[in-house]
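Quick look at what Swiss-Prot annotates:
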- Glu40, Gly45, Ser441: Na(+) binding site (BINDING)
- His240, His290, His291: Cu cation binding site (BINDING)
- His368, Asp369: Mg(2+) binding site (BINDING)
- His376: heme a3 binding site (BINDING)
- 1-11: topological domain 'Mitochondrial matrix' (TOPO_DOM)
- 41-50: topological domain 'Mitochondrial intermembrane' (TOPO_DOM)
- 87-94: topological domain 'Mitochondrial matrix' (TOPO_DOM)
- 118-140: topological domain 'Mitochondrial intermembrane' (TOPO_DOM)
- 171-182: topological domain 'Mitochondrial matrix' (TOPO_DOM)
- 213-227: topological domain 'Mitochondrial intermembrane' (TOPO_DOM)
- 262-269: topological domain 'Mitochondrial matrix' (TOPO_DOM)
- 287-298: topological domain 'Mitochondrial intermembrane' (TOPO_DOM)
- 358-370: topological domain 'Mitochondrial intermembrane' (TOPO_DOM)
- 401-406: topological domain 'Mitochondrial matrix' (TOPO_DOM)
- 434-446: topological domain 'Mitochondrial intermembrane' (TOPO_DOM)
- 479-517: topological domain 'Mitochondrial matrix' (TOPO_DOM)
Amino acid sequence: MYLSRWFFSTNHKDIGTLYLIFGAWAGMIGTALSVIIRTELSQPGSLINNDQLYNTIITAHAFVMIFFMVMPIMIGGFGNWLVPMMIGAPDMAFPRMNNMSFWLLPPSLMLLLSSSLVSSGAGTGWTVYPPLSNHISHMGPSVDLAIFSLHLAGVSSILGAINFITTIINMKTRSMEMYHIPLFVWSILITAILLLLSLPVLAAAITMLLTDRNLNTTFFDPSGGGDPILYQHLFWFFGHPEVYILILPGFGIISHVVTFYSGKKEPFGYMGMAWAMMAIGFLGFIVWAHHMFTVGMDVDTRAYFTSATMIIAIPTGVKVFSWLATIHGGDIKWEPPMLWALGFIFLFTVGGLTGIVLSNSSLDVVLHDTYYVVAHFHYVLSMGAVFAIMAGLMHWFPLFSGYSINKTWAKIHFWIMFTGVNLTFFPQHFLGLAGMPRRYSDYPDAYSTWNVLSSIGSMVSFVGTIILMFIIWEAFSSKREPNPLSLPLYNPEWIYGTPPTFHTFENPSYLKIIKKE
């Protein structure tokens, strides 16, 4: 019974729970790796005494956080749990494929971790650029294992994407049109489309890299008529949509959290929010070369990618101001999910502003591969995606588990994390402006002050992570029932109680639209 429930599950709630547990586990690995990085950089001089190992840790940190923490939790965890319940579907369209999507991830993570343990590890950075990643600069099977790991994670995501697209389009309850589905469902749909269109390009790129390494092809080797810049174009055609894949489900989560804790019955500008996500998804595919301003492109090409990148700020601004308008005039409940959501809006906006700075090709030539870029993407990931995950976890925890979180501890956790991540990443803007490059294990003494502060912030965040583990343990051990009056019972995912029954919407459900004149 136990084996068949958890290993052969076809229930979207159980698979969502597996994804959440897997993501939490991977998140702890990724956090441990980041603490090693910040410890190495906590003062001038060397700690690890091995730059190849340092770069391997950086590469693993990126892959683990992106493919095994953020994506499984947001798309696999929240997506599986909530999408069928929000559209009144009994389950996902392809329940067994859903199970396979999950079970491809643990082997993928094992391959990635084993790539660090054999030979000298894959010290390529998460971009895996040739010629650094070719068979000459990286001998041994490490990069090949990392490539196979990416293949498995990619297949998992593509299957999941097909499943979500089919479910959302075909399994909505009768009379529910696209413009009735909640914003979180919109965000998962757009994310799934982005995955479906971008991952095959990554698969092509890393497969060509694999044959370059092992079968003597020269796709990316100039000596045989290839071009390493081709790899960069292929990688970033996936890589840029990928960063929107990481943040879009967060947008959906924040829309739900902000609406409920502002005492509103719907978010401000529903249609604008949905169209803004579609615009972000579309624009995300036509700006990839802004990651490549330093490889030598024509001035016209640079002008196009600069302006196209800046245009993404418009739909993003629509979303930020719609969240603020949702809060405006509301009866705000200052509970942990709302704190995370407000932190998200503020810090994601800061990250967006540094993104506008970097979109200028002339400025990016100076700032490329410095800590300014690290600060920028950690503001949108470590304080965008992660804050959104935390907002969603605190908000839907009673739904997933049937127990309530201790609000005092949750608020303490928020303030510790808020302090920690800002102390970690804000000084990195100054380091980048002063010219400190990325992916180096040591630095001149002039950079030590900001690095010390940054590493202290990392320790603060680490304490916050330990407190989160305590909070979740405390909730399960205390077994407090959530107060039904404090739950958003008029939202479809909550109508089956906390936790919901194993099967929901077993009979066809019906949606009645009340049009208010």
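Glycine too: its Cβ is placed from the backbone N, Cα and C atoms.
All features noted in Swiss-Prot, drawn onto the structure.
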residue	record	DSSP (3 states)
Glu40	Na(+) binding site	helix
Gly45	Na(+) binding site	coil
His240	Cu cation binding site	helix
His290	Cu cation binding site	helix
His368	Mg(2+) binding site	coil
His376	heme a3 binding site	helix
Ser441	Na(+) binding site	coil
Mind checking which of Glu40, Asp369 has the fewest other CB atoms within 10 A of its CB? They're the binding-site residues.
Asp369
Using Cβ atoms only, which residues of the same chain lie under 8 Å from His368 (Mg(2+) binding site) while being at least 6 residues apart in sequence?
Phe293, Thr294
How many Å lie between the Cα of His290 (Cu cation binding site) and the Cα of Glu40 (Na(+) binding site)?
30
Nearest by CA distance to His291 (Cu cation binding site): which of the binding-site residues is it, out of Glu40, Gly45, Asp369, His376, Ser441?
Asp369
Cβ contacts under 8 Å made by the topological domain 'Mitochondrial intermembrane' (287-298) with residues that lie 6+ beyond its boundaries:
229, 232-233, 236-237, 239-240, 305-306, 308-309, 312, 358-359, 361, 364-365, 368-369
Count the residues of the topological domain 'Mitochondrial matrix' (401-406) that DSSP assigns to helix (H, G, I), to strand (E, B) and to coil, and report the three numbers in that order.
1 helix, 0 strand, 5 coil
Can you tell me how many other Cβ atoms are located within 10 Å of the Cβ belonging to Ser441 (Na(+) binding site)?
20
Long-range neighbours of the topological domain 'Mitochondrial intermembrane' (118-140), counting only residues six or more past its ends (CB under 8 A):
51-56, 58-60, 62-63, 66, 146-147, 206, 209, 212-214, 220-221, 228, 231-232, 235, 239, 439
Using C-alpha positions only, work out which of the binding-site residues Glu40, Gly45, His376, Ser441 is nearest to Asp369 (Mg(2+) binding site).
His376
Taking only the residues in the topological domain 'Mitochondrial matrix' (479-517), give me the average pLDDT of this model.
86
Measure the Cβ-based neighbour count of Gly45 (Na(+) binding site), defined as the other Cβ atoms within 10 Å of its Cβ.
12
Please indicate, using numbers and ranges, the residues of the same chain that are 6 or more beyond the topological domain 'Mitochondrial matrix' (262-269) and have a C-beta under 8 Å from a C-beta there.
183, 255, 318, 322-323, 325-328, 330-333, 338, 490
Would you list the DSSP helix, strand and coil counts for the residues of the topological domain 'Mitochondrial matrix' (171-182)?
3 helix, 1 strand, 8 coil
